Amino acid sequence: MVGGNESSVTDFILVGLFPEFQHSIVLNLVIIFIYIFAFLGNILLIVLIWGDSQLHTPMYILLSQLSLIDLTLTSTIVPKMASNFFTGERTISWIGCGTQSFFFLMLGMSECLILTLMAYDRYVAVCNPLRYPIIMSPRVCMHMIFGCWIGGSVSSFIHTVYPMHFPICGSREIHHYFCEVPVLIKLSCEDTSLYQLVVVVTSIVLLVVPFSLITVSYTLIFLTVFRMNSVKGRKKTLATCSSHLTVVSLFFGPNIFIYMSFTSSHSAEQDQALSVFSNILTPMLNPLIYSLRNKEVVTALRKLMGKCVTS
């Protein structure tokens, strides 16, 4: 075991990101660059939203929560991965593995629910605008956000504690760059088919159901938009909705593949590639997707830059 006598028998070994790849240094440096870009981009978006009173609306409050999730999610994964690679110390303690798995699941599940709320917010704004201030009042919006975090935390706690107690009889090598439920299940010498079925059912509730609700919401939105007389209003609505649909596709696509199929049906390389795309690359793209096609965010950025120049 890496680390010799200093490693505990309960420690896990993180093999890392594509360990057979010849240019692993370049790959890890690229991942770190993406992480820094994603971190700064999401921080900037949060500062813009909370610093500009014009953006204190349910849509942007939900967007700020998405950015908070993204920057925390990448920070849960990338620093440990980079530290392990450049120090050569690939071990992670049992508690560290469980903690990383808990935060990863909590943030991922919360993001599913936040994205669903964002679709619902747009549905009410477009299809029922007169009742929008009542249905999506600031108080209701904050209650919904609180519910997303609580729901993600409870579900994550259950799906972290249970698989962490599966017996491991052989190698404690995790063929991944962070601790995640599907790869932990593969280490167990116990029959985990029943629990894998539970994971699939949970994925239906937290992935398929939200994705279906989002699809229905945007179907109704598009039907309403195409009946609009105002060309300007139609373009503005389509720009906002297309940004959200892009983020939804980038998030739900890889995760549905990973969590809705049994772990034996796909390789470690497939899991890693999809995980990098969903958990590292997408958080970097989200601020760009939402800011470049959003006039309100661009205006807030110009105001902030103006203040900085004046100062």
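One-based numbering along the chain as shown.
In case you wondered, yes, glycine gets a Cβ from its N, Cα and C as well.
TrEMBL: automatically predicted annotations, no manual curation.
What TrEMBL lists as domain 'G-protein coupled receptors family 1 profile' is 41-290.
Look at TrEMBL and you will find 25-48 (among others) tagged as transmembrane segment.
Packing against the transmembrane segment (60-82) from elsewhere in the chain are residues 14, 16-17, 28, 31-32, 35, 38-39, 42-43, 45-46, 49-50, 92, 100, 103-104, 107-108, 110-111, 114-115, 117-118, 121, 138, 141-142, 145, 148, 177-178, 247, 279-280, 282-283, 286-287, 290, 296: each is 6 or more residues past its ends and has a CB under 8 Å from a CB in it. The feature transmembrane segment is assigned by TrEMBL to 60-82 (among others).
The transmembrane segment feature in TrEMBL is assigned to 102-120 (among others).
Look at TrEMBL and you will find 140-162 (among others) tagged as transmembrane segment.
Look at TrEMBL and you will find 194-226 (among others) tagged as transmembrane segment.
If you look up TrEMBL, you'll see 238-262 (among others) marked as transmembrane segment. Long-range contacts of the transmembrane segment (238-262) within the same chain: residues 59, 66, 108, 111-112, 115, 118-119, 122, 182, 193, 196, 199-200, 202-204, 207-208, 210-211, 214, 218, 221-222, 225, 271, 274-275, 277-278, 282, 285-286, 289-290, 293-294, each at least 6 residues beyond the stretch ends and with a Cβ under 8 Å from a Cβ of the stretch.
The transmembrane segment feature in TrEMBL is assigned to 274-292 (among others). Distant neighbours of the transmembrane segment (274-292): 17, 31, 34-35, 37-38, 41-42, 44-45, 63, 66-67, 70-71, 73-74, 77-78, 104, 108, 176-177, 180, 243, 246-247, 250-251, 253-255, 257-258, 298, 301; these residues of the same chain sit at least 6 beyond its ends, with a Cβ under 8 Å from one of its Cβ atoms.
Non-local neighbours of the transmembrane segment (102-120) in the same chain are 59, 62-63, 65-66, 69-70, 72-73, 76-77, 144-145, 147-149, 151-153, 155-157, 159-160, 178-181, 206-207, 210, 213-214, 217-218, 244, 247-248, 251-252, 255, 279; each lies 6+ residues outside the stretch with a CB under 8 Å from one of its CB atoms.
The list of residues near the transmembrane segment (25-48) in space but at least 6 beyond its ends in sequence, with Cβ under 8 angstroms from a Cβ of it, reads 17-18, 55, 63-64, 67-68, 70-71, 74-75, 78-79, 81-82, 85-86, 276, 280-281, 283-284, 286-288, 290-291, 297, 300-301, 304.
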